[in-house]
Each structure stands twice: as structure tokens, then as C-alpha cells.
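Read the structure below first, then the notes.
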Amino acid sequence: MSLIEGSVGVGDMVLLEPLNEESLLKNLDKRFQHKEIYTYIGNVVVSVNPYQQLPIYGPEFIDKYKDYNFYELKPHIYALANQAYQSLKDHDRDQCILITGESGSGKTEASKLVMSYVAAVCDKGEQVNSVKEQLLQSNPVLEAFGNAKTIRNDNSSRFGKYMDIEFDFKGSPLGGVITNYLLEKSRVVKHVKGERNFHIFYQLLEGADAQLLKALRLEKNVSCYSYLNFEASRVGGMDDAANFRAVQNAMNIIGFSTEEIQKILEVIAIVLKLGNVELGDEFQANGVSGSSIRNENGNDCPSWNLLCNIHLFLLWMIFFLLGRSWSCWLGRQSEGGHLGRSWSYWLGDSQRGTSRKVLVLLGWETVRGGHLGRSWSCWLGDSQRGTSRKVLVLLAGRQGGPCHEPSPFRRCIKPNEHQQRGLFSSELVNTQARYLGLLENVRVRRAGYAYRQVYSVFLERYRMLGRTVKMPRWRLRIHQLVTLVQKIYRGWRCRTNYQLMRKSQILISSWFRGNMQKKRYGKIKASTLLIQAFVRGWKTRKEYRKYFRSGAALQLSNFIYRRMVSGFLLGLKNNLPTKITDNRWPPPPYKSFTLANQELKIIYHQWKCKKYRDQLSPQKKEVLKEKLCASELFKGKKASYPESVPVPFRGDYVMLHGKPKLQKAGDGPVLMAETVNKVNRADGKMVPRILLLTKSHVILADAKGSKVKSVMGLESVDEVSRLSFPPIPLPKISSVGSKGDFLLVSEHAIELLTKLYQATLDKMKRPLPITVTEEFTVKFKEGNLTVKVTESQMGKGNNKLSCKKKGHNQLEVFAP
């Protein structure tokens, strides 16, 4: 979301109307109530401490702000950190972020957010990740030894901190240096009611286990030590035990050894014990007490000196551990350095214990006491008790202070005195806004506080934006450069932002500079993509030529194979069979095509069959289904089956529509009606009967009077048998009942048995067993008869089938 779209109040107070203290406070209050704690004044970020965690931080927001310009998104501390980091990479110049505000306004948290953002956006790598982790983990250590609870802030920094982070040309951190100012030493021995000593004392007593406390000879009870305020020993929302474990882990990550951590904790324990020491008068041998002059706080001096020296030792160790990669990098620089020596000489080789180097000597000068001459008093200040920044700057050969660039500002404001979320005290905020000069800052920005740049640097950086002037590497005089700048700058659309041309500098408003930066990044991105496209095209063409030369044989073989395949398919297309019954198929021209030729034959046949089935009527499909069922039942089992295939199934062979009695005899549609001969059980003689097959019954009626003689349900049909002798259409229907089996002679036995099988399957949901055999046994009421086929001895002209009972248990069938 941009600075203006969807913003509560005014996101940049340069646009505030009317401009006075009342409107400024109302704007801050309105944004604070809607949890918009950040507000811009140009490139200055004003933040109001919300005293709560807001969901506006984390990897998602870091990824959002690193890809946009300063004014393109809502005000945020990430935008300020991104501007400083991008200026560091683009301009190759030092950057400094100044965070100001009173106690409890959020300065410590702001510095953490800036460091976390820089650590997240810089390049990845094993060494880079190690340095980033050490930089981030230095905060818990310094807070434990330098922060304390005060009346106005539960985590107040009782020391000033200046941190230098060194980056390489890619924007990756190489190391860092931390310098402390004005450590509040008196807090060790004395603090106001309701405040606490430094966090490390309470963390040690709460977080140390029994074994460590026993080794340090400490008690877990805070009231046992006079330096610790028992009434304010606990702080709401702060877990001292967990913080102690975090401090130990941070010290391990930074690089402290186990022995060094143990020694530091021992010194902390000594400070606690010194607070319990009481000095008394000493009596002489004769009983007269001696008189002495004693400083009231004399026994407290060792305590604050010990803690001060521990704090300095921690800073020196962090500087040494974080500065390893930095020192190595400096050691690889030009040997023709300052004063004829390399950088590594002046930094000193601390790993070998060399203590005669300048920075090491100055570090020890910070630790030990002693008289210093007046000529050095301006360099080593008494109140700071440490090495002045001026000495280090001069000895390092730097020109002036640590940073010469315009510094991004972060103004932190405390909304109330009670550290209560959602409470905005206008009187307190107005006081802070006055001494921070927010109103004056807005007025200066409105007056056109500009970004200044010399012509040569301006041309070198922004010449790519020129549309009418082509500028290669030039060597022109200053007035010619001025002419070029005017032609480019005045030719832009936003020419109303043009402000001033001087003899050697051009002044540009900060807002317009952001637009210039955005257009410049767009040009750089387009140029980068163009170069990438050319390089990728060149690599692709090179690889293709290499591949073409090495794979010429493969390409040629693939071409020949494709030609053979196309010839085979075209030849097959011209010789395909036209009829579905035609089994002819063109042979393959090559053996390698045999399998494909067989698959194509199957696919083509299935396709032709599908086309044929799609053209059939529903009645024709039912007939073919019956023929398919007959084929599955009798193909290869009955010798007369091939003769019955071309004969269509009629179903009605008795002209049923002219016989109403037979139509009424059935209980539904008649599937088949024909005249059959029923073999008599007693003497084997044949009697004509009309057989009606419905969906649920088999009915036998008199051939003359159409009177129903027998009715058999399909559920009672147990089995159907048929003789395999070719000319004998003699089926046996086995039923479950008192009358026994039926032995019939039918001229359409295959059709009858097929329809009977389908009707039984539809009704009973089970297949009907049908057997084809040379002889079978018929079960009658009187007993069982064995039916046997015998070839007739009469002449060939006799085509009639005759049956004769032979004995009591055998029936002989004479086939013509």
C-alpha cells in the first residue's frame, strides 16, 4: 500500500495542513489509535512506542519493503533501514542511522529491528550467516550487562551504544565494532526505590541451576544481597530464568569459551558478595579504639570498577570475535597503508597475544586507572573513562568522524508515563515533540531541504536517464557538464521539481530524488535483463552448434526412421479392408514394425465393429445379443451350431397372434412359441405340444385345443441337457417337482435353450446349467431312464426321429 492510499491521517507530515503543534499532535494521536505507529517527516521516521507487539514485522514485511522505494509503502522502520542499506550498496559510502528519544520510547527495539532487517536482506553464505548471527546475538549480552528496570522503563539501557558494521562490496556483513559511552556505574551500588540493578544479577540468581549456584557460593534468594532491590526483583512480562539461558546461548554463539563464561559469572558473584561486606573499627591492644578517616562509599568502589571492567571486557571480546573476518579482510588490502604499515599491523594480532599495537594499548587504557597528562585530557575523557573516538579515527587514518553522509533519523516518542498500551498523553508527547524539533523539522522539509550532489557524480549516476543526449566516457569542462545536466534534467516530465543550479552542485528535492532512484533502478533492471538475454542466447547458440555437430548421426537416423514410419502408415492407409468380416491385413514392410502392425490391426477391427454397432437398431441389437449368447453356450460343443448361425431367431413359430387362448395362457410377454414333441414317460411315444416360454414360466399346451397341460416356473428349472449327436434336437429339461423331467423334441433347440438361459438369468440372477452330452439320464415319476442314441437301420429316405422304450430303465432313440 502506498504512502497516501488507505493511510490513516497523514503518513508524511510534510503534507500536513494546517501546520502547527495541535494538528501535529492530532495526527500522531489518530495514527497511534489505529496502530499506525510510524510517521514520516521527509526521510525522518517518527515512531510512537505502542507497548505491545504489533503484526507488522517479520519475513513477510521484510520481503515487501526491500523491493520498493521509500515512499511507495506505508511508513515503517524497514523502509528507513532499506534506504540506508541500498545507499550503502549503490553509493559505496558509509551510512549512519541516528535513533533518538527519551527512556522508554523504544530506541533499543528500533536498533534490533534495523539489525534484523539488514541481516535478513543481505547475501547468504556460511561465513556471512555466522557474522549475522553473532551481530544479532550481541544484543542479549549487552542488554543483560547494561540494561536495568527504572521507574520509566522496564528495560532501560543504562549505557550509550555505538555500533559499526562493516560490509563488503556485495552488501554482506564482514564484522562489527561496538563502542560504549557513559555506562551508569553507580547503579551497581545504589538505585532509587522501585528500580532494579542490572538484569544480569537477577538472571543469574533465577536462571542458574543448583550446581552452578553452589560453585559460585550464591543463594537463590534475592533478599540476601544488599545491592539488589527485593521489592522490585520481578518485572511483569520478563522471565529472568529464560533470559539467562538466552544470554548463555548468545555468548556461546558469539564465541565465548566455557571457561570465559564461568570467569565472568564468578566476577558477578564477587560483586554481589562485596555488597554484603561491612567495615568496622579496629581496637588497639590497650583497649583504646583507633581513629580513622574512611570514605562512606569506599567499599563500593571495587564493585562498580569490577562491573565496569567486565562490561569493557565483553565489548572488547565482541569486537574481537565479530572483527575476525573484518581484520582478515583488511589484512588483504594494500600493504602500502597508513604510515608505511598495513592495516593488520595497527589492528594487532590479538590471536597471538600481541599487546603492543595501538588499538590493544588503547583498549587496556580503558580498563586500568592511573594518571594521564593534561595534553591527553581532550582525547581520553574522564567522564567516559574510555578511548575517545577521535584517537581511533586519527590512528586509523580516517578523515574526521565515522560517517560523512546525510544520516537517516529515527525519532522515538514515549506516549505515556505508565507504559500502558493504547494511552496517548498529549502533554507528554508535545514536550517530546518540542525538544526533538519535529515541527521545525517539518518546516525545513517544506522549505525544500534538498539532496546535494556535485555534477560529475550526478552525471555518472543518472546519465542513463537521458533520452536526447548520448554520453559515453567524457572529459569535459565544468560548464559543459552544466549544459548536459540542464538538457537532461529539464527534459523530464516532472520539471516543476527543478529547483536550483549552482556553479558546482545541483540541488534536488528528496521526493524527486526518490523518483529518480526508481527510474534508475528500472533502467538497471532492463539493462540487466537485456544482457542476460544476449548471454543466454549466445550460450544457447553455442550449445546448439556443439550438439548439432556431435549429434549429426543421431539426427540423420531419426530422420530416416521417421520417413520409414510415414511410408508404412501411408501404405497401410491405402490397403485397409473395407468390410468388417474381411480378415485380410497388409503385412509390415520391416520386421521392426510387426508388433505395431498387429496392434493397429486390433485397433482397426475394434473401430470397425464399433461403427457397425452404432448403425444397428435396438431390435437388431437384441437379436445379435441372443446370437452372442448362443455362441458362448454352444460354439465348439454342438456339431449343428454352425448351421444355425445364419438362421435368425424368430421366437414365434405357431402364429401366436391368431390364437387368443395361447396368448391368455401366458402371464406376460411370450419370448418363444413353437410346436415340440413330448416323449411319453410310459412307452416312449411322442405327443405334439405347444411350448410357450415367458419371463417366468415354461408352459406346455395341447396342440389341437390349446389347453394347458403343464406349467413349470423358471425357479424350478434345475438343469437342461442336450444330446451332442448332430441331427437330434432332443433337449431334456430337469425340474424340481413330483412329475420329474421333461424330454422334448424341438426343431429350434438352440434358440429355445438360449432364450431359456437368458430368461432364467434375468429372473433368478444366476446362470442356468446347460450340458451337451452323448447320453443322459431322465428322471420320471416311475423311475430313471437312460436315453441312448442309436443310428436307424432304415433307408436314407427316412428323416423321422423315433423313440422306443427298451426294458424298464432304458430309452433308445433312433436317429435318421
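Numbers here mean position along the shown chain, with the first residue as 1.
Yeah, the Cβs are placed from backbone N, Cα and C, and that goes for glycine too.
These figures come from a predicted structure and were not determined experimentally.
S105 (ATP binding site) falls within neither a helix nor a strand when secondary structure is assigned with DSSP, and so counts as coil. Around the Cβ of S105 (ATP binding site), a 10 Å sphere holds 23 further Cβ atoms from the protein chains shown. Under the heading ATP binding site, TrEMBL lists G101, E102, S103, G104, S105, G106, K107, T108.
The domain 'Myosin motor' annotation in TrEMBL covers 8-280 (among others). When pLDDT values are averaged over the domain 'Myosin motor' (8-280), the model yields 85.
Annotated domain 'Myosin motor' per TrEMBL: 411-521 (among others), in sequence order.
Annotation comment: TrEMBL describes 638-815 as domain 'TH1'.
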Of S103, T108 (the binding-site residues), the residue whose Cβ has the fewest other Cβ atoms within 10 Å: S103
Sort out the sequence-distant neighbours of G106 (ATP binding site) for me: same chain, 6+ apart, CB within less than 8 Å of its CB, listed by position. S47, N49, C412, K414
Fewest neighbouring Cβ atoms within 10 Å: which of the binding-site residues G101, G104? G101
Highest Cβ count within 10 Å among the binding-site residues E102, K107: which residue is it? K107
Env. residues of ATP site, Cβ within 8 Å of mean position of G101, E102, S103, G104, S105, G106, K107, T108 Cβ: N49, N153, S156, C412, K414
